[in-house]
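First comes the structure, then the notes that go with it.
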Amino acid sequence: MFNRNVENVRLIDTVTSRRASVGTLYLTATHTIFVENETEILTETWVLHSLVFSVEKQASTTTGCPLLVRCKNFQVLQFVIPQERDCHDVHVSLLHLSRPEHYEELYCFSYNANSDREDRRKAWDFINLKAEYSRMGLPNHLWKLTPANHHYKVSDTYPADLYVPKSATPPVIMGSSKFRSRGRFPTLSYYYKENHAAICRSSQPLSGFSARCLEDEQMLEAIVRSNPRSDFMYVVDTRPKLNAMANRAAGKGYENEDNYSNIKFHFVGIENIHVMRNSLQKMLEVSEAHFPSMSYFLEGLESSGWLKHIKAVVDAGVFITKAIAEEGISVLVHCSDGWDRTAQVCSVASVLLDPYYRTLKGLMVLIERDWVSFGHKFSHRNNHLNGDPKEVSPVIDQFLECVWQLSEQFPCAFEYNERFLITIHHHVYSCQYGNFIGNNQKERTELGLQEKTHSLWTYLWKNRTDYINPLYRPDHSQTQGVLRPLTAPYCFKFWGALYNRFDRGIHPRQSVMEYLMAIREETQQLEEQLASHEMKILNVEKQQKKSVNLETNMFDRSPAVWASPPSNSSVGLANTPGDYSGLGGFLKSPYQQKEPENSLLILPWPQELRKPTDPDLSTNGDDQESGIAGLSCLSPPNEESAKDPDSDETAYSAA
Amino acid sequence: MEFSEHIKTANVEDVVLRRPFYQPTKGTLCVTGHHLIFSNRGGDSARPFLLLLRNIDAIEKSVENLLGYSRLFSSTGQSQRPSVSSGTITLKCKDLCVLQLDIPGMEECLNIASSIESLSSLETVSEMYPFFYRPPFLSLQDQWGLSSTEQHYAQMKEIHDGWRVSQVNRDYSVSPSYPPAVIVPHSIDDETLVKAARFRQGGRFPVLCYYHRETGTVIMRSSQPLSGANRKRCREDELLLQAVIDGSELGYIIDTRSSQQAQQARMTGGGFESKSCYRGWKRLHRQLEKGKVLQESLIKLVEACGDQSHSVDRWLSKLENSKWLSHVQTALSTAGLVAECVERDGHSVLVHGSEGTDTSLLVSSLAQLILDPDSRTLAGFLGLLEREWVQAGHPFQQRCAHSAYSHVRLRHEAPVFVLLLDCVWQLARQFPLAMGFSEPLLLRLAKEVYASDYGTFLCNSDQER
C-alpha cells in the first residue's frame, strides 16, 4: 500500500483561489495530513479518510497535477502535486482508503482502542432508552413493553424493546408485522403524557390494490383505544400521493380508509431519498460558487429545491404536533420502509412537542431513539462503506437542519447551539465513534460496537460547555411546552454555517454567540473567585475575633471613635465588594487613633476601583507607613493587614 | 381649506378592526384631520389605536348589501349582520402594515373611505401633522437636530489646517439643495466655489463629508459636472478637486452610474470628469439603480412577502425577481470599494451620480459607517443621517410620497433611504457587536420617513424647511 509523503504540494485556497500554501502531504492509515512548511508555526490540515466523499484527478498543467478532494462535511481541498505519478498514486490510495469494504476497517475500531473496558461500558450507558420511556411515563395502563421482537425474530431492523398498546396480543402483533414491509409493525415512538395521545410509526402496509389484514386493522384499532379521549386516529403517509399509488402496483401501498375503522388518512408529500440526494448536490454547487451574483445564488437555491424539502419536513412535524397537542388525537406515521422520512417527521414532532428534546441530553436521546434504535440505515445513507451510491442520502442532515431552522425562530428555546448540531453532523460521517455504525440494532450488537468502540454522546457531554446556548431560557413562557413555528417560505434560511463551514471568508465577522459564551465563562470565574474570597474573609474574621476581643476595651474608652466602623454583624454579611471597604475601615481604625503622625484617612473605597476581578489590585499592604501616598487610594487588603504580625503588634502595644 | 370639508362622517360605532398579531376588536372609529382613531370603550386596551392618515398608502373598499351574500360570507368567518349592509375597508400603510376595518352601513363606509382618501393625500406641507404636533417633552425653542456642519467641523480638529467651513450658500443662492455651511479646502475661496457650483448640476459642488484620520484622506460628494456634449471645462472645478488631492498623487472618482449612462448623460447637459482635465483623478463606474427601478423592485419585494401561497420555490424566485437584494449587494460593495480606497490605498474619493442626492448619499454614508466607529454609535448614526441625508438635501418628500402598496402613478418616488436602512441592517448582521443601535431603530426610521409626528423628514431640502 502507498504510505509515504509527497513534498512540494500546493494547497489552493478555494475561496479566494489566489493564495496557495506549499507543504508536504502525508497519507497515514486513517488521515490525510497536509503540513505547511513555509510558515513559522506549523499549520496542519487533517482529513479523516472516512470523511472523504470524492477524489478527483484533474488534467495536469504546467505547475503540476491538481487533485480535488471533497469531504462529507463540505470541506473542499484542492491540492496541486508536482509529479503526475505521485498524483496518480495519491489518488488511487485515497480512493482505496476512503472506501473500506468491511466495518472492521473503520476508524472507530482503532480509535483510542486501549482504554479501560469498564469506563467504556459506563460511557455507553450514558444514554439509556429504558429511562427515556419511563420518563414519558411508560409502561402504564395503556401501553406495555412487548417481548415480541427479542432476538429480532419479528423484524430484524427494529429494536428488541418495543412498546405496543396494552390490548395488542402477540397474534395481533405477528399478523400485523406480516402485513407490513420488513415486518415493521405499528409501534410507539412518542407518548404525550398530558393527554395520552401517541406518535406511532411503522412501514407501509402490503395492501396492493385490495389486500386486507384483520390483525393489522385490529392493531390500529388497539392504538385508537389506547387513547381514551379520542374515537379516531390520523394515519400520516409522508410520501407524495403519486409515489404511494405507484407502490400499490408492487403489492405495497397505503391504508384504505374503508377497511380501517376510525382512521383519517393524510398524505404529506416529502420526496424520496434520491430526490434529496440530487437536491443537496445542486445546493452545494451553489454554495461553492466563487463570488456569485445575487441572482445566481437565489436562482440556484431555488432550483435545488432544498429549502422546499426542509419546509415539507417541518410542515409534517407541525401537522402531527397539532394533532397530538391541540386535538389530542394519536398519529401513525409511515413512509415506505419507515426508517427515513418517518424518522425525520417523528423526531421533528418530538422536538416541537417536548422541551426535553431541546436540551443537550434530550437531543441525544431523541437521535438514539428515533434514528439509531429504530434502524435508520446510517452506514448506507452516509456511505460509511464502499456500497451502492443510490442508497446514499442526506436524511439525518435534513433533520439536523430542521432543528437549526427552529432554533433560528426560537433562539431562547434550545439548550444547545448551532455548534452542537454541526458536531453531530460531522460525527455522523466521521466514523470516529461507534454510535452511527451499521444499519440497525441487530447489526450493531453483532459488531460488538459497545465493546470495541466509543460513544459520541459521552464525548459531547464532557465538552458540553462548548455546546451550550447562552441565550437558553428554560423558564421563558415561549420556550415552555409546545413550539408553534411559522412555516411561511421566508422563515427558511440557507444554513451557511454548515454548508460553507470551511470557507472562513464568508462567515459573519463577529459572533454574538461566542461573545456571550465568553462573558458567561468570565462571570462564572468571577463568581468562583468571589466565593473563595468570601471563604478567606470568614477565616480572617475568625482569627480576628480574638484580637477584636482584646481591642474592645480600647474602643469603648476612646473618646474619638469618629471613624465609626460598621458593626460586627455587617462584616459577617459582606458579600459584595463594596462591603469590604467597611471591613477595611474597621480593621484600620485602631491604628489611626494611635498613629496620628501618619494621619491615614480611611476613605470609602472608590466605586470604580472596587474590582473583585483583580485581587492583585488591592495588595497594597505597605501603605501603613506611607500614609499620604495611600490617601485616596486603596485601603490595605483586610486579610493581609490582619495577618501582618507587625500591625498586630502595634495594636497590642497601643492597647 | 379646512379639514372638516373632507370629513363626511366623523364617527362610526361597532366597527371591527383587524390587524396582524392582534385579535379582532370592536369599537368606535373616528376620523380627524390627521388621524384615524379607533377605541373600544370598556375593552381591555385602554389606549385608543391611532393611525396617522399620512401613513396610508392605499385603500381598498368592498361593500356588501345583498342578503344572499351574507350567507355566503358567513361560511368564511365574516361576521355579517343579516339585512344590514356593510362594508370593508382595507388600509395598506406605508410602513407595510395592513389593516382591515369592517364598517356597518354602506354609506358610512363609503364616506369614511373617501375622507381617508382625500385626507391622506394632502400635499401642502404646512397642513401636515408635524405642524400641529407638540410633544409634551420638547419645546420648539430647543435645539433642532443633533448635528450640523459647524459641529461636525469642530469635532475634526485634524482638518482645520487644510479645510474650512464656507458660508457661501448662506442664502441658498449657490445651491438650493445644500445646507448654508459646507466644508471645503482651505485654499479655495468662495468665489471659486460659486463658479465651480455653476458647473455642477443643482449647484452641488464637491464638499467634504468624511475625513479619515489614519490615512489623512477624505470622502467628498457632489453632483455630475455639466460638461455636456461639447466637453465644456471649468477651471475652478478642476482647481477645487486638485486642492483635495494636494500632496498625494491620486484620487478616485466613484461614479454611481455605468460608463454608458454617464456617456448618455452628456446629451442632456450632464457628463463626467474627463481624464485629461482632471489629472490625478481616476474614474470608476459602479452602476447603482435608482428612481423608478428601485421603487418597482420594492413593490415586487413587498408583493412577494405578502404572498400567502406556501411554496419555497415561488418565494425564492419572486425574491430573485424583485432584484432588491441585488441592489443591496451593489450598494454595499460600492461602499466597500470606497472604504478600501480610503483605508487601504490611502486615496481620497469623490462620489457622485447624476443629481448627487440619492445614490451618492447612499454610498458616502455607508462608506462612513464602514470606516468610522463613531458613526456606528446611536448618536453618531443619527448625526450621520442628519448630515448626509436631511441637510445634504435628499428629497424626502418626493421620494417617500408613496410606498409599495400605492396604485398612484409613480413620479419621483424611490426607496433609496429604505435601501440604506436595509444595507445598514445587513452590516449589523455581519458585525453584530459593532453597532450601537439595533433593528427597532431602523424599523422606526423606515416608518418615520414616510409618515411622522416629527418634522425631521418633511420637505426636500434645508431651504424649504
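Keep in mind that glycine also has a Cβ here, set from the backbone N, Cα and C atoms.
Annotated by TrEMBL as coiled coil, the relevant range among A:12-39, A:516-543, A:628-655 is A:516-543. This prediction places the mean pLDDT of the domain 'Myotubularin phosphatase' (A:123-499) at 92.
There are 19 other Cβ atoms within 10 Å of the Cβ belonging to A:ASP337 (substrate binding site). Site extent for substrate: the farthest pair of Cα atoms among A:ASN272, A:ILE273, A:CYS335, A:SER336, A:ASP337, A:GLY338, A:TRP339, A:ASP340, A:ARG341 sits 12 Å apart.
With the fewest other Cβ atoms inside 10 Å of its Cβ, the least crowded of the binding-site residues A:ASN272, A:TRP339, A:ARG341 in this structure is A:ASN272. Neighbours of the substrate site: apart from A:ASN272, A:ILE273, A:CYS335, A:SER336, A:ASP337, A:GLY338, A:TRP339, A:ASP340, A:ARG341, residues of the same chain with C-beta atoms within 8 angstroms of the site's C-beta centroid are A:THR238, A:ARG239, A:THR342.
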